[in-house]
Each structure stands twice: as C-alpha cells, then as structure tokens.
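What follows is a single structure, written as structure tokens, with notes after it.
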Amino acid sequence: MTIHRLLRAIIIGAPGSGKGTISTRIVKDFDVKHLSSGDLLRKQVQEKTEYGIQAKRYMDTGQLVPDQLMLGLFMHELKALNDHSWLLDGFPRTVEQAVALYKSQDIEVVLNLRIPFEVIIDRIKGRWTHPGSGRIYHVDFNPPKVLFKDDITGEPLVQRDDDKEETVKARLEHYRRLTHPVLQYFSNKGLVEEFSGTESNEIWPHVHKALSKIVVPKQYTHYE
Ligand code: ATP
Ligand code: MG
C-alpha cells in the first residue's frame, strides 16, 4: 500500500485544550510544516513587514486581524509550500477565512480537539505562578511543597489574571462563539474529525491513526 497524498490539515482546539502538545507530536511523526497564525504574525511584527505593521494594532488590543490581511499572509505562505504537507493552527478563525482557504486549497482534514470546558477550567484555574522566576505550579498536578509558596525562594505565588476562573470562562466562551461557525462550515463539507478526551496522551493515538490513513508517518510507530 502506497499513499502519495499530501497532508493538508487544520487543527482546532480551545485555549488549554492541548493543541500545542498535539501539534508538536504531529510535526515529530509526520513530514508536515506547522503554520501557527500567532507565530507567523509575531514574526511579521518583529520583522516590521507591511503585514506586521498593519496587524500590530489589532493584536495589541486583542482584536482579530482583518480577514483580508490574514488571507494575504496565509496565501503567500501556502504558495511557497505548494508541494508540501502543512498543518494550520489558528487559521482560519472566521468563516470568511475558511471559505477563501477552501476555495484555493485542497484540505484533507480538520482536526477538532474536544476537551470538556470544565476540564480546561480545572487545569487552568489551579495554576499558580512565582512571578520572580516564572515557575509554574498546579495545586493538584504539581503542587508546591508549601501551599502558595515558591519551593526555592519561599516567596508567595500569585495567580495570573488570565488564569482566574472568570477570565478562563470568558476566553472559552469567546472561543466557542468564534469557532463554532468555522467548524460548522467544514463539517458540512464532511472534513471534520472529532477527538474527545481529557488528556493529550489519550487523544494522541487516535489523531495519529487518523493522519496515518492520509499519509505515511516518518517512522513506523505503533500505538494502541
Ligand atoms: P491562543 O491562546 O490559542 O494562543 P491567542 O489569542 O494568544 O490564542 P494567537 O493565535 O497567539 O492567539 O494569536 C495572537 C493574535 O493574532 C490574536 O489575538 C489575533 O489578534 C491575531 N490572530 C491570530 N490568528 C488570527 C486569525 N486567524 N485571524 C485574525 N487574527 C488572528
Ligand atoms: Mg497565544
């Protein structure tokens, strides 16, 4: 059995869903270029390109960068990857972006990581940080020796504003509102594969298996 297809995939998952972990594993096991919209944009900003100059003011205020700008940037990147496999992360984020992408590229699969919101909230809200060093603890999964104190300096730990339960809930709600129509659009095309679970280790073998049906992994890895 030989498979010659390219892997043209999109990964979708809420903040705290383990999307970064899964993407890293995909890149390790499959010959695919990972394009993260946030990383791409930050690079443009840093290099002060026309895209970067335009995008910066939206990013600075947490707003979405306009569709035309995002499309210009991604179409430009994808053109350079004509006979490569890719994994898009953070793009498309609006239906307009999805429609334009779908019209110009063959998409094989949209991976949707479905982690219950309660699990994500528990994961993030238990997180405490030592501001001086950036050391991160979790009250359940990685507790400090003394509660709310840094192991090394003994200084107090703080909870970042965006890790507080109310903020996390708001971010997740925002994500749901924004992403739902994009998923619906791809779902109508029969492209969405859902992966449900509470841990990356549990989800990963299923992702691996689904992608292996499209392209051959770099080296043979067996998961069951
Ligand atoms: P995450 O928590 O998943 O990292 P984020 O909100 O930090 O999400 P990034 O993906 O890191 O977002 O992107 C940073 C900023 O870049 C966003 O706040 C937004 O302004 C812009 N951006 C990224 N992707 C898109 C997109 N597809 N469309 C419009 N703007 C985007
Ligand atoms: Mg980010």
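Just so it is clear, glycine is given a Cβ too, placed from its N, Cα and C backbone atoms.
Note that the structure is predicted; figures quoted are calculated from it, not measured.
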Handout entry: Given TrEMBL lists Gly16, Ser17, Gly18, Lys19, Gly20, Thr21, Arg127, Ile136, Tyr137 for GTP, the same-site residue among Ser196, Ser200
Key = Ser200
Exercise for the section: Quick one: give me the count of other CB atoms within 10 A of the CB of Arg127 (GTP binding site). Expected result: 19
Problem - Within the region 'NMPbind' (36-65), residues counted as helix, strand or coil by DSSP - result: 21 helix, 1 strand, 8 coil
Exercise for the section: Could you tally the C-beta atoms, other than its own, that fall within 10 angstroms of the C-beta of Val65 (AMP binding site)? Expected result: 19
Exercise for the section: Would you count the other C-beta atoms found within 10 angstroms of the C-beta of Tyr137 (GTP binding site) for me? Expected result: 21
Problem - Residue among the binding-site residues Arg93, Arg160 whose Cβ has the most other Cβ atoms within 10 Å - result: Arg93
Completion exercise
Fewest neighbouring Cβ atoms within 10 Å among the binding-site residues Gly16, Gly20 goes to Gly20
